[in-house]
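Chemist: Below are the features listed in TrEMBL for this protein:
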| type | residues | note |
| --- | --- | --- |
| DOMAIN | 2-297 | domain 'Phosphofructokinase' |
| BINDING | G10, R72, D73, G102, E103, G104, S105 | ATP binding site |
| BINDING | E103 | Mg(2+) binding site |
| SITE | G104 | site 'Important for substrate specificity' |
| BINDING | T125, I126, D127, R162, M169, G170, R171, E222, R266, H272, I273, Q274, R275 | substrate binding site |
| ACT_SITE | D127 | active site, proton acceptor |
Amino acid sequence: MRIGILTGGGDCPGLNAVIRGAVRAAEVTYDSTVVGFRNAWRGVMDNDFELLDVDRCRGILPLGGTILGTSRDQPFAFEDGLKKVRKAYDRHGLDAIIGVGGEGSMSVLARLHENGFPIVGVPKTIDNDISLTEMTFGFQTAVQICTDAIDRLHTTAESHHRVLVVEVMGRHVGHIATWSGIAGGAAITLVPEEPFDIGEVCERIVHRHRKGRFATIIVVAEGALPQPGTMELPEPEMDKYGHQILGGIGSILAREIQGRTGIESRMTALGHIQRGGSPVAFDRVLGTRFGVAAVEAALDGAWGQMVALQQGHIVRVPISDAVGQLKMVDADLLRLNTMFQPRIPGDEYPGIPADRLERVED
Ligand SMILES: Nc1ncnc2c1ncn2[C@@H]1O[C@H](COP(=O)(O)OP(=O)(O)OP(=O)(O)O)[C@@H](O)[C@H]1O
Ligand SMILES: O=P(O)(O)OC[C@H]1O[C@](O)(CO)[C@@H](O)[C@@H]1O
Ligand SMILES: [Mg+2]
């Protein structure tokens, strides 16, 4: 079998593990050939490719990024895009294409499948927001990077008695913020799932500092939003693909908190550091499993399917079922954010008696 592979959307630690896993499975186990297209669909449309073999993939497992390069270009944005994809299939004698990407890339794959192409999807994103898979590779690496940063920020925040706002990625959902907030012991975590009230955030900070605490770490997802009418945010700029360029809520928050509370506040935006560098072991393993499973799906003719992690097992789900709705943070985890935040008078926590709440009041 001849299999095309490409990586699309933002890069992500673990992409090279997918490529290596797919190539090793194809070449060594299933006597198949893998054609790698550079920079996602741009490479398919421009015939920019390389043949991938076990030798080419030696040493790439611990490498961040993707050896194939990536882009947000896709065939439906071009009048002759589909024609060019068809030409690539014929020219390379392809039997399948494995597309590795985020929710946007999966939507493109679903449409290509509808157009008759033999497609298999592999979900990727540090944001961990793709439905029907419990985890995407890259996420654990991003969480570890954020947690390490928060650990460091604790000591400087405490020395200076400051509020430190840490802005992390998470365009539509707060998986990275929630996990790293819990792991790093943040006092307050703000996520897109639950618009925040700046007045209440400041009240919690003041209350905490009044009771002898000397520093506060706040983790905020880049896509977190204030409750309507509570705080002005500037309109974000757009990139050339129509995505909002996020990043900035951290500095706005730090300014607002300092202005309202009088407590010195600073901000650190972790930005693309979260996406760079070597994947942690979990992401290498998940990437490898996904790469192998994608080749096996192609060999089985499981077109239009996406490989996914469910209850520790690799399964296949229709790509069309995985797109359209993002995977939000579990209510169980969001509850921890609320439980661990500095308390203010009037807080209620379902299931916890009021006298106990008073005893553990932060
Ligand atoms: N339903 C769709 N049909 C056609 N194109 C789409 C669709 N949804 C998204 N796209 C486009 O697909 C491309 C890839 O999507 P996007 O840039 O969001 O990356 P992604 O794969 O979701 O990765 P990331 O996690 O980095 O966002 C973009 O150009 C986007 O505009
Ligand atoms: O690299 P770009 O295009 O700035 O995209 C940034 C976006 O990509 C993501 O990292 C997802 O891949 C989001 O968390 C973030 O908002
Ligand atoms: Mg996307």
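Quick reminder: no glycine exception, Cβ is built from N, Cα and C everywhere.
Walk me through the surroundings of each of these features.
Modeler: Within 10 Å of the Cβ of D73 (ATP binding site) there are 20 other Cβ atoms, across all protein chains.
Sequence-distant contacts of E103 (ATP binding site), defined as residues of its own chain at least six apart whose C-beta falls under 8 angstroms from its C-beta, comprise T125, D129, I130, A322, V323, L326.
A C-beta separation below 8 Å, combined with a sequence spacing of at least six in one chain, links G104 (ATP binding site) to G8, G9, R72, Q74.
There are 28 other Cβ atoms within 10 Å of the Cβ belonging to T125 (substrate binding site).
Mapped onto three states, the DSSP output places D127 (substrate binding site) in coil. Every protein chain considered, the tally of other Cβ atoms within 10 Å of the Cβ of D127 (substrate binding site) stands at 28.
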Chemist: Measuring Cβ to any atom of ligand 2 with a strict under-6 Å cutoff, which of the binding-site residues D73, E103, S105, M169, R171 qualify?
Modeler: M169, R171
Chemist: Kindly point out which of the binding-site residues R171, R266, I273, R275 have a C-beta less than 6 Å from some atom of ligand 1.
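Modeler: The ones that qualify number zero, so the answer is none.
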Chemist: Kindly point out which of the binding-site residues G102, T125, R275 have a C-beta less than 6 Å from some atom of ligand 3.
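Modeler: Within range of ligand 3: G102.
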Chemist: Provide, as an integer number of angstrom, the distance between the C-alpha atoms of R275 (substrate binding site) and G10 (ATP binding site).
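Modeler: Taking the Cα atoms only, R275 (substrate binding site) lies 9 Å from G10 (ATP binding site).
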